[in-house]
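Annotated features in TrEMBL:
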TRANSMEM  B:21-39  transmembrane segment
TRANSMEM  B:72-96  transmembrane segment
TRANSMEM  B:108-130  transmembrane segment
TRANSMEM  B:136-154  transmembrane segment
TRANSMEM  B:161-178  transmembrane segment
TRANSMEM  B:184-205  transmembrane segment
TRANSMEM  B:327-347  transmembrane segment
TRANSMEM  B:353-372  transmembrane segment
Amino acid sequence: MSNSSTSFSSSVHGVERERERERERERERERMERSSEEVTPSEAAVLITPRTDPIRGDDRNGNLNPISTASSLRAEWPTIDGPLGLSEQDSVGYARKFFGFGFILLPMLWAVNCYYFWPVLRNSRSFPRIRPYVVGSAIGVTIFTAMLASWALTFTIGGERLFGHTWDELVMYNVADRYGLTGWI
Amino acid sequence: MDQSQRPKGILHSLGEEIIRIITPVSICMFLVVILVSILDADSSSSPSFTTIATIAYDETTSDTEWDKFKGALLNSLVFVTVVTLVTFLLVLLFYFRCTGFLKYYMGFSAFLVLGFMGGEIALFLIQVFNFAIDCFTYVLLLFNFTIVGVLAVFMSKIPIFLTQSYMVIIGVLTAYWFTMLPEWTTWVLLVAMALYDLAAVLLPVGPLRLLVELAISRDEDIPALVYEARPIIDHGNTTIVQRRVWREPVNPESHIESSQNEVSIANVEQGQGDELRAPLMEPLGENMVLEGIGLGASGAIKLGLGDFIFYSVLVGRAAMYDFMTVYACYLAIIAGLGITLILLALYQKALPALPVSVLLGVLFYVLTRVFLEEFIVQCSSNLLMF
């Protein structure tokens, strides 16, 4: 959690970058250990197989090898950026913050949350700590978009027949003309 | 099997890296051309639009060409001087370790560009298309868009795709603003900025070179608006590559790239426009050490946002004449970018990305407008070709 707070108020780049580097190195080391474990059983099992390409995000690695600990390997990276994104510990604070800030009329933050943690949404049994926030964000986005779309469509399609005089006052191009919003550039 | 993947790997990764930098540049140029074509009609009726780039001379259509040229030279001189001063100020601030201030300033300028500039262009589009949106929805959408954009620029842990998109959008908005300058001023300004970039990055006393050297010596990140391409992850090794590769102290030949481009579209009356140029960065080579694991991919290419902006301004201005010039200038710019990348691979140091592309682009614009257009029009009207 302190990591995520520093990532929000990063006034000293060097420190943040060092931590990132350390984390990345740890991840690499872990991953190289794991991948070396996986490779040998599969190579032993089949005579002539090329080493299969682990797909980016390493989602399939766990699935290929039934011996490996499937749940921890299947969705190794909670973010959509895979190894370039956050690790699981950082993600919890991040997801929580975005979920919280989305309530101040910022549904786009919820959408970003869902997009960023798409692997979490996809595998319904992984990342138990992050999942509530991401699912909450998804629900929030759908509800908000439904409300906003219904209002906007009512406004556009209803037009003057529905609203009468106030339609002219509310529509954006009239507001822009009235306050001269396009004139100052 | 591994052997057969190796040669494919190098070509594959090299080509993919180049594509990953050319694609956003092309998208930015394309969007600016579309914006310029839709929101046209400003070519003849340029409103008296005083900014720092037109402070010395306000071009009117009734002046002679020589007067316009002289006025444009004056304008460009003023602009380049201001940019130089601001860049030196930036170097000074960076020297005194005010990186926090710089980051906040960057976020603030992104807020201005996205909020005000983006809002205004959205209003133009709404007026042109008579799109019946109400003010609450509009304000809400703009608010969301701006806040998420500032976060994307400010924070480091945002989806890469989102950060890249917002960089391109900021580039588009700023470039559109620049295309609203008078014509001669724009062209002379482009050439002047290309020469300035050349001087600032290559001369030992140039501000950008000082900035970059400071950043390397301290092993820090320059707070700047930089487009960073997604680094290639070698599938064979699944190693994670560090994104800020240029700060690896192991390799003394690391090329760096710092691009700081902030354009604050402040008051029209005061006429402010800060902007800083930046060189192009090259990915680190294969001899990077990563805890003894086999490597694979190199770091990501970074291109400064100023380069995006000026390329798009060039193409946008060409679009104000005709689409023929757009095609010619687009090809010239992409060729210039390719040449710059090759030079980068040869010289292995920070290079300015503007000069080759902009000078080629301006040359092609002039040649197309003077010679090619005449040729094509004559051929077409005589039903000879096309």
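Each Cβ is built from the backbone N, Cα and C atoms, and glycine gets one as well.
Because TrEMBL annotations are produced automatically, they should be read as predictions rather than curated entries.
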Winner by Cβ pairs under 8 Å against the transmembrane segment (B:108-130), considering only B:72-96, B:136-154, B:184-205: B:136-154
Same-chain residues at least 6 beyond the ends of the transmembrane segment (B:353-372) whose Cβ lies under 8 Å from its Cβ atoms: 187, 190-191, 193-195, 197-198, 277-280, 303-304, 306-307, 310-311, 314-315, 317-318, 321, 324-325, 328-329, 331-333, 335-337, 339-340, 343
Positions whose Cβ lies under 8 angstroms from the transmembrane segment (B:184-205), at least six residues beyond its ends: 53-54, 57, 59, 68-69, 71-73, 75-77, 79-80, 83-84, 87, 178, 212, 277, 279, 310, 313-314, 317, 350-355, 358-359, 361-362, 365
